[in-house]
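Engineer: Submitted below is the structure of interest, expressed as structure tokens.
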Amino acid sequence: MTIMRKSHPLFKIVNHAFIDLPTPPNISGWWNFGSLLGMCLIIQILTGLFLAMHYTSDTLTAFSSVTHICRDVNFGWLIRYMHANGASLFFICLYIHIGRGIYYGSYLYKETWNIGILLLFLTMATAFVGYVLPWGQMSFWGATVITNLLSAIPYIGQDLVEWIWGGFSVDKATLTRFFAFHFILPFIITALATVHLLFLHETGSNNPLGIPSDCDKIPFHPYYSTKDFLGAIMLIMLFMILVLYFPDKLGDPDNYTPAXPLNTPPHIKPEWYFLFAYAILRSIPNKLGGVVALILSILILALLPYLHTSNQRSMLFRPLSQFLFWTLVSDLLLLTWIGGQPVEPPFIIIGQTASILYFAIILILMPLAGLIENKMLKWK
């Protein structure tokens, strides 16, 4: 008799995805972040659902309703801080996941990679509209500044901005629709993540060596399910230290002041996970140019499969590419710091140099390094 998990129509899907899935025997801890992202998404959906039960998307009561959640709802403060810091955790895992994909050449699975980029865009959109909901000073001004960037689009820009606002400024209509978007987008992300997995399981996982491992694959359970469980426990421990001891460390103090359209904060800046893109946006003096650079800073990832010149997939044995990869990581950290600084010397020139370096590494230096490494290894 066939085991139920192998014959039942529903269990069979789960079995092929998480139990009997053939997995390379040598994937490292860097491969844990896919499952950790799934865990983060579940945490965000559950905490968000409980917050939505008490939140009101009205300009007059939004700020008060968040205060009410923290003060009067049972463990409301915990749910709120888990949700707020869960976003930071989500982006940490997301950026490491992308970094691993770049380092080990996982971007050569084009369908999986492109859906991943779409997931990144949707996650950024979800985080942005979510940041507006508490209706603090930074929420309001962040929404005003970022949505205003669309006015740089020729001809239709201004109409597009007013259409998104639902009026002539960020107001009640904007908050209501942003809440609606923030509620629905995570479910779209969940559906897309399933498609992401579907395409991944068509090709099978990559491995640190970047070579086919079909001949010696092992079942996902119990080997990697145990490994993922250990990763999840470690991440939850770090997460709870952040939530219980440093809940406001990654937030902005200005967001504890109710939104006032008549009072502008001294430095308008987004959450830390968007600062690198914000720095690239600010490094170009032209508004439209800045918006294009901002979009390209993420969209450039879609070009990676076509810019791959090396005869090796992984960077594991490519010292030149490794050096450029870690330079890129350092550059992104520098851009993140610059994004949080005021627009004045010397930050302007540092931001512009770091932005040029970011695009140069991906578009020019990495493909060049691949060709040089091929020559060094005497591969035709």
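From the backbone N, Cα and C atoms, a Cβ is placed for every residue, glycine too.
Pulled from Swiss-Prot, these are the listed features:
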| type | residues | note |
| --- | --- | --- |
| BINDING | HIS83, HIS182 | heme b b562 binding site |
| BINDING | HIS97, HIS196 | heme b b566 binding site |
| BINDING | HIS201 | ubiquinone binding site |
| TRANSMEM | 33-53 | transmembrane segment |
| TRANSMEM | 77-98 | transmembrane segment |
| TRANSMEM | 113-133 | transmembrane segment |
| TRANSMEM | 178-198 | transmembrane segment |
| TRANSMEM | 226-246 | transmembrane segment |
| TRANSMEM | 288-308 | transmembrane segment |
| TRANSMEM | 320-340 | transmembrane segment |
| TRANSMEM | 347-367 | transmembrane segment |
Engineer: From the Cα of HIS97 (heme b b566 binding site) across to the Cα of HIS182 (heme b b562 binding site), what is the distance in angstrom?
Structural biologist: 23
Engineer: Would you count the other CB atoms within 10 A of the CB of the residue listed as 'ubiquinone binding site', including those on all shown protein chains?
Structural biologist: 14
Engineer: Return the residues near HIS97 (heme b b566 binding site) by Cβ distance under 8 Å, restricted to its own chain and a separation of at least 6 in sequence.
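Structural biologist: Once residues fewer than 6 apart are set aside, HIS97 (heme b b566 binding site) is near PHE33, GLY34, LEU37.
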Engineer: Where else in the chain does the transmembrane segment (320-340) make close Cβ contacts, counting only residues six or more beyond its ends and a cut-off under 8 Å?
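Structural biologist: The answer is 99, 102-103, 267, 269-270, 272, 274-280, 282, 310, 347, 350-351, 354-355, 357-358, 361-362, 365-366, 369-370, 372-373.
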Engineer: Within 10 Å of the Cβ of HIS196 (heme b b566 binding site), how many other Cβ atoms can you find? Include all protein chains, please.
Structural biologist: 21
Engineer: How big is the gap, in Å, between the Cα of HIS83 (heme b b562 binding site) and that of HIS196 (heme b b566 binding site), rounded to a whole number?
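Structural biologist: HIS196 (heme b b566 binding site) has its Cα 24 Å from the Cα of HIS83 (heme b b562 binding site).
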Engineer: Does the transmembrane segment (178-198) come near the transmembrane segment (113-133), with 3+ Cβ pairs under 8 Å (pairs 6 or more apart)?
Structural biologist: yes
